[in-house]
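*Asks:* Structure below; questions to follow.
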Amino acid sequence: MAEEVSGEAAAVGPSETNTIVDVPSAQGAGDVADQEKGPQPAQPVHTIPDGGLRAWMTVLGSWFMSSVCFGYVNGYGVYQTYYVETLLPSYSASSISWIGSLQTYFLFAVGIITGPLFDRGYFRHMMIGGSVLFVGTLFAQAQVQHDAYYQVFLSQAVGQGLAMGILFLPSMAVIGHHFQKRRALAMGIAVSGSSTGGIIFPIMINNIFNERGYVWGVRAAGFFVLGACLLGNLLMQPRYPPQHTRPPPPSLLKLLRDPPYVISIVGLFLFALGLFFVFFYIQLYTLTQGISDNISFYTLAFVNAASVFGRTVPNLFADKVGVFTVLIPSSLVTGALVFAMFGVKSVGAVVVFCLLYGFFSGAYVSLLTPLMAVLSDHFAEMGIRMGFAFACVGLAALVGTPIDGALIGSGPIYSWWKAEVFSGVRLLSLQRGIRC
């Protein structure tokens, strides 16, 4: 639903970099006849305000959507452990990890459809439809039967994955309607909602699983998602320029001929192959190392608590020194930390590892969207660039954690070192790929 912005900002000077001047294409700049008509009225302009109540309300709404999309995915490790040990005992860790990996895949990959739809003005349609689908499939998941893998797969991997994919990219891209100079910071604040969701969901679900069982644990997540989606839909407002001022989005072929864009996507793809290993397996890993349940149940909360800062502080610097300058060293430290898992055997080491990994890996998630905005030539192609990049990242997320599951084996004795080496090498690939 595109908003018509026609008569605003007549007093705003056209020298601002975040101002788009609405000049009809049929008008000649040096037409003598027009000059003889005397002074012409000021041309209407479309401005990107870089602040204001409406802009920050949109950031808050995006924060809520991020908390239940990426935040819910960040808490999948709780389900992974519960499915392996209780609900799906007939299936291997690798088979079960396909549920979370496909869910994560759809979260990103659906962006290849929602990106162009966002550029064409269907923001509100996607927000409402995705919210209804998300809540409905969550309550359907609560009714799955014991050892019924296909029921969990359809409701959680397919249904919720598609719903989050419909919601996530548009809820991030809409911030670009309101911010330019402070875009990375605004998007970082919004993406930090995923860290908050990643704290809330593991703690809430773990405790309710223990006290009330699986059904009420999933229902509690459903009620939380319902409230967050309602608030997000009420707060977020798109701010499209007038239809006749929007240049057409580029074709996918043009994007594939853009070397910086293609090289960046290759690096992001390789990084995503290893990124979710810790999010999916850290709780199971600590349990197999003899760490008590009281600590293991909170490992994902530790990771996501640190991500709150990892998804905001780097973005503050990225607006000043550049996205690549912040992203490359963060990826280097993230990869080194996975190799450090070889020595994570005690409670103190687990807590320190989770906090450091959450902070440095958070930069990848929060800077992904600003990176696509930086690589965009103009306002109208942000959606399609983000969508294609998200699809590639989603493909990596789809195969990465099942590979990890196959490497560690079916237990009860797990070969953790194989998955650690695979994920660590992949995480270090981002900085090498981008530097190429």
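Cβ atoms here come from the backbone N, Cα and C positions, even for glycine.
TrEMBL annotations: computationally assigned, not manually curated.
OK, TrEMBL features for this one:
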{"type": "DOMAIN", "residues": "260-436", "note": "domain 'Major facilitator superfamily (MFS) profile'"}
{"type": "REGION", "residues": "1-46", "note": "region 'Disordered'"}
{"type": "TRANSMEM", "residues": "55-76", "note": "transmembrane segment"}
{"type": "TRANSMEM", "residues": "96-118", "note": "transmembrane segment"}
{"type": "TRANSMEM", "residues": "125-142", "note": "transmembrane segment"}
{"type": "TRANSMEM", "residues": "148-172", "note": "transmembrane segment"}
{"type": "TRANSMEM", "residues": "184-204", "note": "transmembrane segment"}
{"type": "TRANSMEM", "residues": "216-236", "note": "transmembrane segment"}
{"type": "TRANSMEM", "residues": "261-283", "note": "transmembrane segment"}
{"type": "TRANSMEM", "residues": "295-314", "note": "transmembrane segment"}
{"type": "TRANSMEM", "residues": "321-344", "note": "transmembrane segment"}
{"type": "TRANSMEM", "residues": "350-375", "note": "transmembrane segment"}
{"type": "TRANSMEM", "residues": "387-408", "note": "transmembrane segment"}
*Asks:* Can you name the far-off residues of the same chain, 6+ from the ends of the transmembrane segment (387-408), with a Cβ under 8 Å from a Cβ of it?
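*Replies:* For the transmembrane segment (387-408), the list is 92-98, 100-102, 104-116, 165, 169, 252, 255, 264-265, 268-277, 280-281, 368, 372, 414-416, 418-419, 422-423, 426.
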*Asks:* Relative to the transmembrane segment (125-142), which of 184-204, 216-236, 295-314, 321-344, 350-375 accounts for the most Cβ pairs at distances under 8 Å?
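*Replies:* That would be 216-236.
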*Asks:* Should anything in the same chain at least six residues away from the transmembrane segment (295-314) have a Cβ under 8 Å from its Cβ atoms, list it; otherwise answer none.
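*Replies:* For the transmembrane segment (295-314), the far contacts come to 71, 74-75, 77-78, 185, 188-189, 191-192, 194-199, 202-203, 206, 278-279, 282-283, 286-287, 326-327, 330, 347, 350-351, 354-363, 365-367.
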*Asks:* Could you give the mean pLDDT over the domain 'Major facilitator superfamily (MFS) profile' (260-436), rounded to a whole number?
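*Replies:* Here the mean pLDDT over the domain 'Major facilitator superfamily (MFS) profile' (260-436) amounts to 86.
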